[in-house]
Amino acid sequence: MDSFPHRHLLGIKGLTEPEITYLLDKADAAVNISRQREKKTSTLRGLTQINLFFEASTRTQSSFELAGKRLGADVMNMSVGNSSVKKGETLIDTAMTLNAMHPDVLVVRHSSAGAAALLAQKVSCAVVNAGDGQHEHPTQALLDALTIRRAKGKLSRIIVAICGDVLHSRVARSNILLLNAMGARVRVVAPATLLPNGIAQMGAEVYHSMEEGLKDADVVMMLRLQRERMSGAFVPSVREYFRYFGLDAEKLKAAKEDALVMHPGPMNRGVEIASEIADGPQSVIEQQVEMGVAVRMAVMETLLVSQNQGPRA
Amino acid sequence: MTRPTVINNVRIIDPSQNLDETGTIVIEDGRIAAAGSGARNQGVPDGAEVVDGSGLVAAPGLVDARVFVGEPGAEHRETIESASRAAAAGGITSFIMMPDTDPVIDDIALVEYVLKTARDKALVHVHPAAALTKGLAGTEMTEFGLLREAGAVAFTNGRHAMHDAQVLRRAMTYAREFSAVIALETRDKHLGAGGVMNEGLLASWLGLSGTPREAEVIPLERDLRLATLTRAAYHAAQISVPESADAMRVARSRGANATCGISINHLTLNENDIGEYRTFFKLSPPLRGEDDRTAMVQALADGTIDIIVSSHDPQDVDTKRLPFAEAADGAIGLETMLAAALRLHHSSEVSLMRLFDAMSTRPAKIFGLDAGTLRSGAVADLVLIDLDEPWIAAKDGFVSRSKNTPFEDARFTGRAVQTYVAGKRVHAAQR
């Protein structure tokens, strides 16, 4: 495959195995750019990238910003408060306003599922979904895949256990889609209150015990549990959650000896993951951050350069 | 180690084995060594005490799944120790203690406190039920996993019904993985609001506001649907009208893992007993009509209603010597549950086998207790009963610290003569 047929990156859904491999290969090459002393290229010189974040984000926004800058684009950050009364209206109004400024790519994060897709219908540039509600976060799944592929050499037939608040997680949905597309075996491990309805039909084996769910896993991917969800609404308390679902040395023993420990961040130490594990030898949490920049460079370059040679979809 | 005991010539009724035969029970090291006709003439262990059981029935010790105790917080009404003595006197060898205490039993430290107090002071086995929601407030679930590990046998909101279906659904979903039984009262907050007795003609004449049967049935049907959806183990703590029994049948046919109980009061008393505003008959759910009562006895006999509970709820003059509408709900029952249940035997409405099943074997099974059987090897919890002894429940004869019994001066036929807990005799009636 030598081109990428999509105009936007709105989700992992709809991407084929060769398309994902194409992005990962490109990202692999982009890793080296960030490791050089001279990190700036001219690939996107003269192009404008606008980061439109309706939801607060530190790492994703800065990762996209760095990715754009390292490719030579002009990057503008728009942080829009989420307090606007009518979000639907605000979203489209903001999009139309920005569209009039002729950006080449819009990176969007929004608290509502489907927001990026809605925006993509209204603007004339490429749109990258940086997280829409509890729906998808495709660049996170790509950076996770890149991290795994670089460590394990492959994605097919590996066992990935995604643990924690799957119900509210866009990261989990994108990862389930991507890992299935690449032939990995996906498990989810969580209390039943933190799993979406029909999870067993979404391409994941369901476990309610860490010991069983982590058995022989190659990758243990922890998810963040939001504070407001840990005091009785979905789980009774931090102490009980950590006791049964927090990743500590004891529970990690069930996984393969060389299993990777991942977390999309930001972590709640002592809630879903023990500090000794987050900082331990199996943790690749920092590599995930590094791969994040590379993956976003690859995505931006693919949408803005490569696709111009190929047919648009 | 307690002395071995041999009980001879006793009629043994054990629903766990569907056994009803005359024979011998041998108790050694606190366990049943043998029980049945086959245990006759097997010799007597060294130093054993031999009891003549002629004319008596031996059954597995009763298991009462719904008991309120005042400890901690209202020890003047009942302590764990005094409740255990009352239980022993009534042939009850295990009871489940409701979490409606002050403070509420919603934390592992309190579960441990109850178990420690019971170990030190109680004559019978005391199993704490933990609060389903923090402070019984109905909004945030408690630590089911940790509480289970600490020894809580069930989760309940006690006297408080659950009103928020969303909270209940999540609690049921979460509880399932910890194999925790959720036992609930069903009482609609609004429909039953202000009701102090069964809705109907009698309430109208007495000028008291009524609680309609729908106030029980509607939330029960909701709970049963959620139990089916979540596949949780659900127990309706006290049902009082035949429509509720119908709802149980329907839910089970749909695959719900659901059981239910009824208080002994609702099987043996009715709204007419309230007479002129007698507050000892003020209960929740309220005593219903006589037709309801007979239908519920039938539902118990056919097994639709799984278990009988005492709903022992000690109250004192401060809470009962008040105008009817202002008085607290509840009645004591540990000492009279067996005798009142035997009325259903004497009237030939329910078999002894079914009665002991409903008061021992079934509740032990539902709540996962090591009780309710006389199989060899089982913990020797048993009760010896004289089915035909007449007695009067005189007020000053009660062991319980509270005296709010609806059976004051009632005439009974049959009572617990001796009660054994783990092979030790904890009650012997004066005869």
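Every residue gets a Cβ built from N, Cα and C, even glycine.
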The carbamoyl phosphate site in TrEMBL lists A:R59, A:T60, A:H137, A:Q140, A:G265, A:P266. Which one of A:R109, A:R227, A:R229, A:R239 belongs there according to the record?
A:R109
Whole-number Å only: compute the distance from the Cα of A:G265 (carbamoyl phosphate binding site) to the Cα of A:R224 (L-aspartate binding site).
7
Say we define neighbours as other CB atoms within 10 Å of the CB. Which of the binding-site residues A:R59, A:R109, A:H137, A:R170, A:R224 has the fewest?
A:R59
Same-chain shell around carbamoyl phosphate excluding A:R59, A:T60, A:R109, A:H137, A:Q140, A:G265, A:P266, C-beta within 8 angstroms of the CB centroid, reads A:S57, A:S63, A:A130, A:G131, A:V171, A:P264, A:G292
Cα-to-Cα gap, A:R59 (carbamoyl phosphate binding site) vs A:R224 (L-aspartate binding site), nearest whole Å
14
Under 8 Å Cβ-Cβ from A:T60 (carbamoyl phosphate binding site), six or more apart in the same chain: what's there?
A:R109, A:A130, A:G131, A:T139, A:Q140, A:G292
Record-annotated carbamoyl phosphate contacts A:R59, A:T60, A:R109, A:H137, A:Q140, A:G265, A:P266; largest Cα to Cα distance in whole Å is 16
Please report the three-state DSSP label of A:G265 (carbamoyl phosphate binding site).
coil
Pairwise Cα distance for A:R170 (L-aspartate binding site)/A:H137 (carbamoyl phosphate binding site) [Å, integer]
6
